[in-house]
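Chemist: Supplied in structure tokens, the structure appears directly below.
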Amino acid sequence: MFNSRYLFILFLLFFLSFIIFPFPLSPYEKPKILTAEIVIQMLVIITIYKGLKKFTKKLDKHFLIVSSIILLISVLHLLFLRSLTAFWGNAIRLQGIFLLWHLIVFSLVSSGFKFDKIPKFFPLMSTIAILIFALVLNRDLNNRAVGTLGEPNSLAAMAIFIWPFLYTLKFSRKMREIFAKTSALLFVIIIILLSNSRSGFVALSIQLIFLANITLFKMSYVKASIISIFFLGTSLILPFLAKATALENRAEIWQIAVKAGFDKPIFGYGFGNLETAISDFSQSFNYNNVRYQYVDSSHNFILDWWLQAGVIGLLVIFYLTLKSVSNFALFKENRNLLAFLGVITVLSFNPASVVSLIHFWWLIGQGFARHQRSD
């Protein structure tokens, strides 16, 4: 039998994406964020009730220290870099310090549980629902499928996360296993085509390169991971090669984010102040279209941390990301490594939806939970 915390975590991973409600401005993202925060609060209450001290002993000390550093920085930001959006975030995304605290706690709590064998029901039902909603729900102005995520790249990101779970399912009969692997690949390809997501295509390509290296070329997980990270880094040149667009040009936004970060390189502009940082800096020089737009993200999770928390933020997010990749590779965690490579790729090109953030922080937690699996 699975305990309540385990089921709550699985709900957030596989079914949070289907929560929608007609809130003004944000019928897709806001209800998901509020739901996630409520569920995480329930996780915390149950954990405290069942014995916080006992549970804390299960946690990786390094992860606990880094998480404490993030929480401390966020409190300092709240005290000294306060703004209207710092705590709650803006009215559309609600991705401020309050959500960050929840994500850190969620990552810590989930790292205390083993997820080696997730019940087939969760990835199977989630996959079917994603595909159905992508086909039947309204599309955006460019005729791209958005499903219940509200944004094409977020839909693709969900598929990128979930297909490794379907691909690695184990069955007693070999033919069923082959069918599951084939279905997983068909599913993610269909979703990427329906959403017309270039970042989704790049993420899938990197995942498949990793998969080919460990299965066809019998490469070690460490070498295959290094190659995949190299291709991810190389892919960041793509926005600079693409045809320039006036609206939300990634290359232009990235350049502004990098330059803006050097204005406050140590502690950054503060968590929750992304849109202020980008808007203010874009007004300071001519020849950029960003100053005429509402941009609340740098379209890259690394740059988000650079802008919000400076060099300290960069060191923290690089450590958490690379250490997780390293641990997954060392312990040959095929499923989690595939999912993580995909998630960090889509987060390298797009604003982060709360669903992708849940996936990212859960995988970070699992990356630091390796010691548990040797029990």
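For all residues, glycine too, the Cβ spot is worked out from N, Cα and C.
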Chemist: What range among 149-166, 257-274 does TrEMBL describe as transmembrane segment?
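Modeler: Based on what TrEMBL states, transmembrane segment spans 149-166.
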Chemist: Counting Cβ pairs under 8 Å to the transmembrane segment (337-364), which of 33-51, 63-81, 149-166, 305-325 comes out on top?
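Modeler: The listed stretch sharing the most Cβ pairs with the transmembrane segment (337-364) is 149-166.
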Chemist: Restricting to the domain 'O-antigen ligase-related' (184-318), report the mean pLDDT as a whole number.
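Modeler: Computed over the domain 'O-antigen ligase-related' (184-318), the mean pLDDT is 91 on the 0 to 100 scale.
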Chemist: Please work out the helix, strand and coil residue numbers for the domain 'O-antigen ligase-related' (184-318) from the DSSP assignment.
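Modeler: Secondary-structure composition of the domain 'O-antigen ligase-related' (184-318): 91 helix, 0 strand, 44 coil.
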Chemist: Look at every Cβ pair spanning the transmembrane segment (121-137) and the transmembrane segment (33-51), keep those 6 or more apart in sequence, and say whether at least 3 of them are under 8 Å.
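Modeler: Answer no, regions not in contact.
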